[in-house]
Amino acid sequence: MIPEDIVERVYDGTATKEDALTLLKVKPFELYALADQIRSETVGDNVTYVVNRNINFTDRCIGTCGFCAFKDKKGYLLTQEQIKEKIDEAVAAGATELCIQGGLMKDVKLDLYLDILRAVKEDYPHIHTHCFSPMEVYHAATSSGLTIEETLAELKENGLNTMPGTAAEILVDRVREIVCPGKITRQQWINVITSAHQAGIRTTSTMMYGHVETWEERIDHILTIRDVQKKTGGITEFVPLPFMPYNNIIGDKILKEGKFMTTGTEDLKVYALARILLNKHVENIQTSWVKLGKKLAQVALLCGGNDLGGTLIEESISKSAGASNGEVISVKELEWIIRGIDRTPVQRDTLYRSI
Ligand code: SF4
């Protein structure tokens, strides 16, 4: 049984780390049921999705993330023409959002990022640009001798609408020093995201879990997201992403120790805890069909999730790390999955407005 006082704090949006640790000890189906109840009472029975396309404009990267299976695989950099072709394809397929990210190239300055935004907006001023991780923004700023605020202002002026809250991994420096020592610190991630919100650029938020972090550190991460949201209100959604342990250094180490990727019940507990700890703060919990697979993503919608993410034409980052769930899903299949749990599919835009 879940203690009454914890349920009260969950409903108030004030559940603590200790509450979360207690909740991990209750029977999993009780935890899932609480998360599902909160989901139902706060966002109802619609399950949203977005028609979008990912464009990873380069895999060249000076980063040293130990979990990365994407960097320098082919050593490519898309030309403006190639990017424009992909944008044309996406628009023809009905995409409302372009999610554009890439590796961190040596000697590349802010201009490269601005050129990409202009390439989109020149032809399609109304398509939503959801581009550049906090790490890329930091990289563009430092390589150009600009502040984060100046960089964000330039990006916005040249057409940036929102940003993915990627590069978060686990927002605990002990973990970051092991899995991505060259990356921005927890505080730097918070600073970029907070500055983006203050500049009127909303962001998503993510957590890549299932490598070297503890449950306590996962909870700390989710509570950090809650704190940022309390301050700015600029986060549109939270997306837990299980780590794929194939073709990367951290994964090799884990597999050698006789461990594997996260298990299904563990994934569902993360989704449920996310809904519970972020209640009253972040409305939308996205279940990733790319990482979880279509079947578990559907089940996660019964454990706190209310969004199934994007149709995602082309998703090379997860695929490099061993995800085998495909690079694209049709609207018909997404709706099939949603109707399979008697919920209502709703196409949305990046800011969760119904289309
Ligand atoms: S995760 Fe991103 S920043 Fe890190 S090495 Fe891979 S491409 Fe580079």
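The count begins at 1 with the first shown residue.
A Cβ is built for glycine as well, from the same backbone N, Cα and C atoms used for every other residue.
Annotated features in TrEMBL:
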DOMAIN    47-275  domain 'Radical SAM core'
BINDING   Cys61, Cys65, Cys68  [4Fe-4S] cluster binding site
BINDING   Phe67  S-adenosyl-L-methionine binding site
BINDING   Ser133, Glu169, Ser288  (3R)-3-methyl-D-ornithine binding site
Self-check item: Rounded Cα separation (Å) that holds between Ser288 ((3R)-3-methyl-D-ornithine binding site) and Phe67 (S-adenosyl-L-methionine binding site)
Solution: 18
Quiz prompt | DSSP three-state assignment for Cys68 ([4Fe-4S] cluster binding site) | solution = coil
Quiz item: Of the binding-site residues Cys61, Ser133, Glu169, which one sits closest to the residue listed as 'S-adenosyl-L-methionine binding site' when you measure Cα to Cα?
Solution: Glu169
Self-check item: Cα distance (Å, whole number) from Cys65 ([4Fe-4S] cluster binding site) to Glu169 ((3R)-3-methyl-D-ornithine binding site)
Solution: 10
Practice problem: In whole Å, note down how far the CA of Ser133 ((3R)-3-methyl-D-ornithine binding site) lies from the CA of Cys65 ([4Fe-4S] cluster binding site). | Solution: 14
Quiz prompt | Inter-residue Cα distance where the pair is Cys68 ([4Fe-4S] cluster binding site) and Ser133 ((3R)-3-methyl-D-ornithine binding site), in Å | solution = 15
Quiz item: Going along the chain, which residues six or more apart from Cys68 ([4Fe-4S] cluster binding site) have their CB under 8 A from its CB?
Solution: Cys61, Asn248, Ala321
Self-check item: Extra residues within 8 Å (Cβ to Cβ centroid of Cys61, Cys65, Cys68), [4Fe-4S] cluster
Solution: Gly63, Thr64, Phe67, Phe70, Lys71, Gly103, Cys180
Quiz item: Across all protein chains in the structure, which of the binding-site residues Cys61, Cys65 has the highest Cβ count within 10 Å?
Solution: Cys65
